[in-house]
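These notes are about the structure you will find just below.
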Amino acid sequence: MAAALEIHVIADSSGETAARLARAARMQFPSREFQIVRHARVHNAEQMLEVFDAISASVDPERGQAGRAVFYTLVNGELRGMVARFCTDKAIPCADLMGDALDALAAAAGTDADEVPMRPVGVEADYFDRISAMEFAVRNDDGVMPDSLRECDICLVGASRSGKTPLSIYLGYAGYKTVNVPIVPGITPPAQLRTIDRWRIVGLTIDAERLLQIRTRRVKGLGGFGQKDGYSDLLSIYDELDEVGRVQRSLGCPVIDTTGLALEEAAARVIEIVEERARRAGAHLRRPAGSMKLAP
């Protein structure tokens, strides 16, 4: 078996940003084993030289510098230059993950970056907004507080177990105040649902057989509750999804099929749809400047 490849992460903070990207990148090479070596909180040239010594000392005599790469997130231009020169001298592939981003923003802003290491990201900017949005999503799970619909950024409507709750929480984490409203056959949706901006509403659907699997596990977890009312019966589920679809069409909302869709991708699609519909309506989501936005 081939020896593990090393990804050396150099950062002026925790190194988590570079480590995450390294983990994401290595997933595209499933046949190889990787080891991430983190060198965190590097703030000056002396510390950087110690990192270089550590990287050099880890070289396999048989392979030399082959089988390793360096990812770095450093806001200080001089330190980034040191890493670039070291990697060039040692013929080590490297990726400057912060430099290009800073250069692009500097060009767009028309001013140089502050180059202040370990500056908190998100906590001061939108941390409390995101916490508030998550709490809002929890309080308004399954439409328990219909009057809160007027406060939401996004409203999800769909059948039970179609993915509304986890998606609401995830959108809350991204800072979007999200309500989810279940569409149940025989029960009229809350009147407040028809008073909010139509562009805020997104419908969810799911394959009937997949929904049956999810509900069957749910029923077993509840000790059999729901077996007799059609909750976990395939024919009843088909009828239910038809009824849900009719309600969604009456609301004029776009519908996303969550079958086999990762939570992150579903969230990105919801945000893309709502923001585009808001733009067409000449409106915008109630989002603070600089807060996190998910993208596919």
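A Cβ is built for glycine as well, from the same backbone N, Cα and C atoms used for every other residue.
Model, not experiment: these values are computed from the prediction.
What TrEMBL records for GLY158, ALA159, SER160, ARG161, SER162, GLY163, LYS164, THR165 is ADP binding site.
Location within the structure of each feature annotated in TrEMBL.
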{"residue": "GLY158", "record": "ADP binding site", "contacts (Cβ under 8 Å, 6+ apart)": "LYS164, ASN180, PRO182, ILE183, GLY203, LEU204, THR205, ILE206, VAL244, GLN248"}
{"residue": "ALA159", "record": "ADP binding site", "contacts (Cβ under 8 Å, 6+ apart)": "PRO182, ILE183, LEU204, THR205, ILE206, LEU211, GLU240, LEU241, VAL244"}
{"residue": "SER160", "record": "ADP binding site", "contacts (Cβ under 8 Å, 6+ apart)": "PRO182, VAL184, ARG215, TYR231"}
{"residue": "ARG161", "record": "ADP binding site", "contacts (Cβ under 8 Å, 6+ apart)": "ILE206, LEU211, ILE214, ARG215, ARG218"}
{"residue": "SER162", "record": "ADP binding site", "contacts (Cβ under 8 Å, 6+ apart)": "LEU204, THR205, ILE206, LEU211, THR258"}
{"residue": "GLY163", "record": "ADP binding site", "contacts (Cβ under 8 Å, 6+ apart)": "LEU204, ILE206, THR258, LEU261, LEU263, ALA266"}
{"residue": "THR165", "record": "ADP binding site", "contacts (Cβ under 8 Å, 6+ apart)": "ASP141, ASP142, ASN180"}
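Counting every protein chain shown, the Cβ of LYS164 (ADP binding site) has 26 other Cβ atoms within 10 Å.
The record gives GLY158, ALA159, SER160, ARG161, SER162, GLY163, LYS164, THR165 for ADP. Within 8 Å of the mean position of their Cβ atoms, the other Cβ atoms in that chain belong to ASN180, PRO182, LEU204, ILE206, THR258.
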